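If you look up TrEMBL, you'll see 9-29, 99-120, 132-157, 177-196, 235-261, 281-307 marked as transmembrane segment. Look at TrEMBL and you will find 95-304 tagged as domain 'ABC transmembrane type-1'.
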Amino acid sequence: MIRFILKRLLSLIPVLFVVSVVIFSLIHLTPGDPARRILGEKASDEAVAKLHSSMGLDEPIVIQYLNWIGGVFRGDLGDSYFLRKSVVQAISDNAVPTLQLAIIAIIVAILLSVPFGTLAARYRDSAFDRTVTGFTLVGMTVPSFVLALCMMLLFGLTLRWLPISGYVNPIDDPIEGIRTLLMPGIALGAITAALITRTTRAAVLDVLNADYIDSARSRGVSESRLLFSHTLKNASLPVITIVGLSLGGLVTGAAVTETIFNIPGLGQLLVTSISRRDYPVIQGVILFVTLIYLLTNLLVDLLYGLVDPRVRVGKA
């Protein structure tokens with residue numbers, strides 16, 4: 001197990017290296033000048049050149065990359081051009097709301113999708129199954145920002161159950177914190193919930209058609225025990241895969257939701273930094289999100305071995 005974890009962690013290095021090269025190249029080849037953004041369009045060429053020199057932007061792009069990647073290996077992602085703080089500090093300040101939002105979204109998605117997907121498979125072709133399937137199609141086709149705006153109108157402005165914007169850390173105020181994250185969490189996790197529901201339904205159907213389920217049923221095992229003790233466990237591997245991949249995707253896809261609900265997370269930080277051409281912050285956020293995504297995949301592989309002993313992570 002330890003050897004497997006170390007091997008997987010080492011395998012992350014070349015992936016992160018390739019990602020770093022790609023994002024650095026794309027960002028620096030994109031039109032736009034952060035020095036002009038800072039000084040204004042009417043600034044003289046001499047002032048812009050002087051600021052370029054102080055920011056290290058006058059050096060060849062290869063030298064700029066080597067300087068930046070060298071800092072990355074030392075834990076230094078550079079300093080923001082606009083925020084007057086280090087990139088590490090900016091990420092740490094904004095990562096907590098995004099991670100909390102992603103966790104709320106995935107919890108809501110799991111609590112809704114696994115039971116409904118399981119019961120839809122159990123009562124296949126029934127009215128309940130068709131209703132669940134219909135809702136999953138709607139959930140996968142309606143954009144998250146449309147759902148967010150509809151929820152704001154209904155639950156925020158009409159019923160006044162939940163705040164329509166702002167953020168309170170649940171650690172400081174658990175009740176108000178959950179209230180501020182619940183609506184954006186549902187909006188963000190709707191597509192994920194629909195996907196997990198469809199995956200759960202398909203996986204449970206495959207297991208229910210297996211010979212050993214028929215054998216257990218012939219031995220008098222009750223349908224409820226058969227469904228929740230035997231079927232769900234054996235159908236959980238594809239569900240775990242979708243949940244793991246979705247968690248990483250929720251972190252990367254939170255930008256629109258955070259902007260709509262005015263949540264100071266990584267997504268909002270990234271959008272603002274792109275508009276400002278704040279190169280160090282853009283590079284740092286994308287690299288951090290990539291790392292989260294890769295670590296989530298590693299966690300999924302480890303869960304495989306815990307759920308199904310037949311899957312030996314050491315051989316993965």
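Cβ from N, Cα, C; glycine included.
All annotation found in TrEMBL is predicted automatically rather than curated by experts.
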Other than its close neighbours in sequence, what residues sit by the transmembrane segment (132-157), given a CB gap under 8 Å and a spacing of at least six beyond its ends?
116-117, 119-120, 163-164, 183-184, 186-188, 190-191, 193-195, 197-198, 201, 253, 256-257, 260-261
Using a cut-off of under 8 Å between C-beta atoms, tell me which stretch among 99-120, 177-196, 281-307 contacts the transmembrane segment (9-29) the most.
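The stretch with the most contacts is 281-307.
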Give residue numbers and ranges for long-range contacts of the transmembrane segment (281-307): same chain, 6 or more residues beyond its ends, CB-CB under 8 A.
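That would be 1, 5, 8-9, 12, 15-16, 19-20, 23-24, 27, 68, 72, 77-78, 80-81, 83, 87-88, 90-91, 95, 233, 236-237, 240-241, 243-245, 247-249, 251-252, 266, 269-270, 273-274, 313, 316.
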Are there residues at least 6 beyond the ends of the transmembrane segment (177-196) whose Cβ is under 8 Å from a Cβ of it, and what are they?
100-102, 104-110, 112-114, 117, 135-140, 142, 144-145, 147-148, 151-152, 155-156, 162-164, 166-171, 239, 242-243, 246, 249-250, 253-254, 257-258, 260-261, 263
